[in-house]
Ligand SMILES: O=C(O)C1=C[C@@H](OP(=O)(O)O)[C@@H](O)[C@H](O)C1
Ligand SMILES: C=C(OP(=O)(O)O)C(=O)O
């Protein structure tokens, strides 16, 4: 398929309100835990995008009955230990989150084996990070070259483990916590740094005792999973961040972003941008807030203004992991130097986001240098414009679009269609923020 090329011209200002699309991470978890549950659950505001549609297709293949209505869906799951023996390969498409979380449940299906595969990008993304702890729990997994898809998960009996994650990853943590529900005894996952905690919150709302203290999360074996009657998915901070960045960079802009997830483990980008001088007003969840069932939601008021460079420390990285490309963009417009360290994980996303961000923004007139674990940006007060390739990476496509709106000459994004992975209406939403005169 020929990638779609879209031009984003410089804009004078952006004004108005926007409710960004539903949270991708929470949507994946709602579909998966909904399928694992013994009672039906209603999900409102499920994300209608390529990644989360891959999850719905996978859940149907595993036996879920999903009734989709205009304003909600009802998922009738199979129960914890009764996934259907999927016919053929389970296609995770481009969704790393689906690929890493689902094996935690498949591992519980005694006597059945499941093959998972996906697109060209997913075939380069490591699964050894989940295979190592799952094997320690007793699961038999066969991966291509020991670490890539396609891979096979053989269900069987599992035993709880005490596992320290080598890198902070919410996907790996979630995979182990999901496996813990059917593993004998107790399972503890220790994180080097906090990462998004949507799985813990959703399990708590299902009445599963989740104990979190000193960077460790502990879960016990469960007979069954019963979610509350309804899950309402908030708007995605990671999608909102693109509008936020546009509102910060395009002079005279003022945006109100509605209904956004303000969970502290997701709002690292807001704090980094504020430190750079961005004016973002909103009621964000505080650091150290107790783990509660459900997610905090709020509105964010964004105003354009001048920026200065900053240093993003390794502990902040998991809290802003998908927004680091946008930190690089803000840094191009800031005064002084911005350094991002401890972000080697960017290399194993939908593209190698250290290389694609540095090359992409340099081609538009930026001054960025890649490092082993991040990048250094010398702010030059703006970007000229030019052409950027998405490399099939949704975040890169939207980065190029925002860069174009804030640039001097505009940006052509080759492969804009990649945005459909998380934000299908992105270009229309941006266009709706343009003043009519
Ligand atoms: O758990 C999740 O929903 C996600 C966790 C992060 O990945 P890692 O766990 O690999 O850091 C993030 O980059 C991804 O977009 C979604
Ligand atoms: C890395 C991402 O997602 P995933 O790992 O689910 O593909 C992302 O959305 O930026």
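Note that Cβ sites are derived from N, Cα and C of the backbone, with glycine treated the same way.
Look at TrEMBL and you will find 10-430 tagged as domain 'Enolpyruvate transferase'.
The 3-phosphoshikimate binding site annotation in TrEMBL covers 24, 25, 29, 169, 171, 322, 349. Residue 25 (3-phosphoshikimate binding site) carries a helical DSSP state (H, G or I). Cβ contacts within 10 Å of residue 25 (3-phosphoshikimate binding site), excluding its own Cβ and spanning all protein chains shown: 27.
Per TrEMBL, the feature phosphoenolpyruvate binding site maps to 24, 96, 125, 171, 353, 395. Counting only same-chain residues six or more apart in sequence, the Cβ atoms lying under 8 angstroms from the Cβ of residue 96 (phosphoenolpyruvate binding site) belong to 122, 125, 171, 349, 350. Classification of residue 96 (phosphoenolpyruvate binding site) by DSSP places it within a helix.
The annotation active site, proton acceptor is assigned in TrEMBL to 322. In the structure as shown, the Cβ atom of residue 322 (3-phosphoshikimate binding site) sits within 10 Å of 24 other Cβ atoms.
The binding-site residues listed here are 24, 349, 395; among them, 395 has the most other Cβ atoms within 10 Å of its own Cβ. When each of the binding-site residues 29, 353 is scored by how many other Cβ atoms sit within 10 Å of its Cβ, 29 comes out lowest.
Spatially close to residue 169 (3-phosphoshikimate binding site) yet at least six residues away along the chain are 100, 129, 195, 318, 345, judged by Cβ distances under 8 angstroms. Its own atom aside, the Cβ of residue 125 (phosphoenolpyruvate binding site) has 19 Cβ atoms within 10 angstroms in the protein chains shown. Residue 169 (3-phosphoshikimate binding site) falls outside any helix or strand according to DSSP and counts as coil.
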